[in-house]
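*Asks:* There's a structure below that I have some questions on.
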């Protein structure tokens, strides 16, 4: 009887060991819902299975708004309201939100002390998102020389990371001259195109970025924007370029509960499930940085 108990313990230990080894050899993949600007888009993305959200943010004189275009009637929710809704979803434990990617359109619009300043945005994220266990990725597209970038860089905490967009050599140079003090794991790059299949040099740039990541020069490498019909490109980038995930959804429209985003997400999930020996969808147990 004792030998049976010992055998059971050994088998359980081996099972746990095998699971641990598998987890360490599988790349966690992030499916990042594109242009999530309203509560209903959050609900749709999470119900579809997204494990991260991309939110465009524009500063107006009276605060920050989820807004891609910065036009008179282009804004969605306020940043505060959207963050609160996202955090509420996470608190329910029904969803897996690893991080929110804040694509900041005008980081230097306001000076410190105003509700439209970069400090005010960071304070909102720390007040609402981070206590819910949601990490924050600050995106600076062609604004690595901005005051906003420097503020985020100089006050970065362990829940936060920075992402710069462009060719790998350019990104490495920018991090070298402007990213002093940022831990490598919190240096993220992205490269892509609104029309993924038509993008120029997407594969070689992402492959080079992944190679630099594997050699300790970058933390994560993402691409964008995978849409319905980009199946082969998604497979190629995940398999051959070795990226960590994609922004998916519509190329130029807000996320919604329709077939387009669902199909784009399915491309990512289907690849991961078909390559479970090397890939898995990231969960709350995976620290992206």
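Sequential numbering from 1, following the chain as shown.
Positions of Cβ are set from backbone N, Cα and C atoms, glycine also.
The active site feature in Swiss-Prot is assigned to 34. Annotation comment: Swiss-Prot describes 54, 56, 103 as Mg(2+) binding site. Positions annotated as motif 'SMD-tail' by Swiss-Prot, on the basis of sequence analysis: 282-289. As annotated by Swiss-Prot, signal peptide applies to 1-22, with the evidence given as sequence analysis.
Locate each feature and note its surroundings.
*Replies:* In three-state terms derived from DSSP, residue 34 (active site) belongs to neither a helical nor a strand segment and is classed as coil. Counting only residues at least six positions away in the same chain, the Cβ atoms of 54, 224, 225, 247, 248, 249, 250, 255, 261 sit under 8 Å from the Cβ of residue 34 (active site).
All protein chains shown were included, and the count of other CB atoms within 10 Å of the CB of residue 103 (Mg(2+) binding site) stands at 23. According to its DSSP assignment, residue 103 (Mg(2+) binding site) is in a strand.
Across the motif 'SMD-tail' (282-289), DSSP classifies residues as 0 helix, 0 strand, 8 coil.
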*Asks:* Looking at Cβ-Cβ distances, which residues of the chain lie under 8 angstroms from residue 56 (Mg(2+) binding site) while being 6 or more apart from it?
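*Replies:* Expected: 35, 37, 66, 67, 68, 103, 105.
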*Asks:* Can you give the mean pLDDT for the motif 'SMD-tail' (282-289), rounded to a whole number?
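*Replies:* Mean pLDDT across the motif 'SMD-tail' (282-289) comes out at 95.
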